[in-house]
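> Below you will find the structure I want to go over with you.
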Amino acid sequence: MPHADRNLAHAVHADRDLIHAEDTMRDRLIVGLDVPTLKEAEKAVRELDGVVSFYKIGYQLAFAGGLDFARELASGGTRIFLDMKLLDIDNTVAKGVEAIVRMGMTMLTLHAYPKTMKAAVEAARGSDLCLLGVTVLTSMDEQDVIDAGYEYDPHTLVLRRSEQALHAGMGGIVCSAEEAEAVRRIVGPNMAVVTPGIRPKGSDHGDQKRVVTPAQAIRNGSSHLVVGRPIVGAADRRAVAEAILDEMRSA
Ligand code: C5P
């Protein structure tokens, strides 16, 4: 098999496990554990027990003891999306990915730079880790992208990076649900399309600029929805998570 095709086969395999589990919407909702302490994270997980089975751990919690917590949850069968948005020289990225594979994580993000993605795909080969390419952060609009020095508008940049992720053999894409439909057309049915920036009607947007409701995100072709503040910041987290799942099912 040519090299590029082997990469693609890996991506499809990594994703197949995830997409097969999607028969329940529960497996498609990822709650962002964006809390400052381990104690608060444990409390959120306890409150969401039986409703949520997939968590995202990012910078805030990772640097507050969250990596051991991620290992612990994963060893008990909970899926963990480690949102580390890696970007470094190839060797450093590869060694980091190898270590994260050993932690038993389900998903890992890296910035969708072609060289970075290729190094990560090589390092994750043979494992079940689903590598996700971050295209353009959902907190960025056209002016932010220009300020960052890119000549493309966010939409064009998202599509270009999705194509590069597909060719690199990545397991999926992180993008705004506004772009999920166009991304799905590029990456085909087998890659994960993971969308943050989800806001149920009437909820606070915070710093997110490209937001979509849970139902619309599903209709647009998202395989997984990442929801942070709307659930974690709610007084009744369980009720909000259940309402979001109902809305996803209704789509
Ligand atoms: O609180 P909220 O629902 O906005 O949380 C979204 C989560 O998804 C945050 O943890 C954020 O870091 C993450 N994320 C994002 N946009 C991306 C990639 C990740 O908002 N492109």
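Note that Cβ sites are derived from N, Cα and C of the backbone, with glycine treated the same way.
According to TrEMBL, the protein carries these features:
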- D83: active site, for OMPdecase activity (ACT_SITE)
- K85: active site, for OMPdecase activity (ACT_SITE)
- K85: active site, proton donor (ACT_SITE)
- D88: active site, for OMPdecase activity (ACT_SITE)
- D34, K56, 83-92, T138, R199, Q208, 228-229: substrate binding site (BINDING)
- 28-244: domain 'Orotidine 5'-phosphate decarboxylase' (DOMAIN)
> Taking the Cβ of D88 (active site, for OMPdecase activity) as the reference point, list residues of the same chain whose Cβ is under 8 angstroms away and which are at least six residues distant in sequence.
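In sequence order, G96, T116 meet the Cβ cut-off.
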> Just checking: which of the recorded positions M84, K85, L87, D88, D90, T138 have a C-beta under 6 Å from ligand 1?
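Only T138 meet the Cβ criterion.
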> Near D90 (substrate binding site), which residues of its chain come within a Cβ-Cβ distance under 8 Å, counting only those 6 or more away in sequence?
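Long-range Cβ contacts: K115, T116, K118, A119.
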> Pick the one among the binding-site residues M84, L87 whose Cβ has the fewest other Cβ atoms within 10 Å in this structure.
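Comparing Cβ neighbours within 10 Å for the binding-site residues M84, L87, L87 has the fewest.
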> Ranked by the number of other Cβ atoms within 10 Å of their own Cβ, which of the recorded positions D34, D83 ranks first?
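Its Cβ has the most other Cβ atoms within 10 Å: D83.
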> On average, what pLDDT score does this prediction assign to the domain 'Orotidine 5'-phosphate decarboxylase' (28-244)?
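Summarising the domain 'Orotidine 5'-phosphate decarboxylase' (28-244) by its mean pLDDT gives 95.
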> Taking the Cβ of K85 (active site, for OMPdecase activity) as the reference point, list residues of the same chain whose Cβ is under 8 angstroms away and which are at least six residues distant in sequence.
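When sequence neighbours closer than 6 are ignored, K85 (active site, for OMPdecase activity) has T109, L110, H111, V134 within Cβ distance under 8 Å.
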> Work out how many Å separate D83 (active site, for OMPdecase activity) and D34 (substrate binding site) at their Cα atoms, rounded off.
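For D83 (active site, for OMPdecase activity) versus D34 (substrate binding site), the Cα atoms are 11 Å apart.
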> Given a 10 Å Cβ-Cβ cut-off, pick out the one of the binding-site residues T138, G228 that has the most other Cβ atoms nearby.
T138
